[in-house]
Amino acid sequence: MPTPGDAKPSRPRGSYDTVSETAAVPGTLDAMRWLWTPAWIARHVAMVVLVVGFLGLGWWQISRAAAGNSLSWGYAVEWPIFAGFVVYVWWREVRLARRNAEGAAEPAADPADAPTVEPPPAATIGARPAVRRPVRVARVPVDGVPGDDTDLAAYNDYLSWLNANPGARPGDYPG
Amino acid sequence: MGAALTRYRVIAWIVGVVLILLVVVGMPLKYAFDNPVVVETVGPAHGFLYMIYLVAAFDLSRRADWPLKRMLLVMLAGTVPFVSFYAERRVTAWLDRPVTRTPEPVAS
């Protein structure tokens, strides 16, 4: 939390990026500039190399199959699927990074509202709580101890008394 | 997380066993004894099983919020005979922390 007198703008830790800096219009090339960093270029190149290589291997297996190697038909089917999987992983990675960037660009209104148990690694989530999975928490009830219920009822009475008397101190409780 | 890890472990074990079968049994049979029957049957099957392995590893890595590099390493490890078992154990050690189920007072 930034203190009121803090001069520096607050920023999610470790997520300083150019995406939130540039006020680029979404959907323009300017908004896509973050895909052109060296790390991302390496990923694009790796994706293209793998896809071309896998398709080439598939073509090679097709030619072998056509030459009479019946075993190659199976591999001829598999290599293009692997190529498609590479594209899929690349696309998911782009989408994930874009989502994280959007979350960092517009910080969540209240961190307590973030519906996750584990803190996100790099960037904040926020902005899109709808896409997160619902969190299921395993609740283990305490074994029923006799006497618990009366204690609980007394405590609840005490709490409601505190609530009804906002200015009262705990020592004033008559009960 | 638990179910995704179990799916990954099951398919990793299957792919590892099939890969060893292919390399240790099938290839010597084909190239030394000129009997390609194991390679012909197990080879393409391994390819399709490896696809399932990739999907399971991808699913697990997304749920565990792994960085891309770790995900790719785990995927690649499935292609190396014997290393796939080591990778499966490493992944399990990373993720399979015992869940502490501390009793929580429930006002019901």
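Each residue, glycine too, has its Cβ placed from N, Cα and C.
The domain 'DUF3817' annotation in TrEMBL covers B:5-92. The transmembrane segment feature in TrEMBL is assigned to B:12-31, B:37-58, B:70-87.
Only residues 6 or more beyond the boundaries of the transmembrane segment (B:12-31), in the same chain, are considered here, and those with a CB under 8 A from a CB of the stretch are 37-39, 42-43, 45-46, 49-50, 52-53, 56-57, 78-79, 81-82, 84-85, 87-88, 91. For the domain 'DUF3817' (B:5-92), the DSSP counts in helix, strand and coil order read 74 helix, 0 strand, 14 coil.
On the 0 to 100 pLDDT scale, the domain 'DUF3817' (B:5-92) averages 84 in this prediction.
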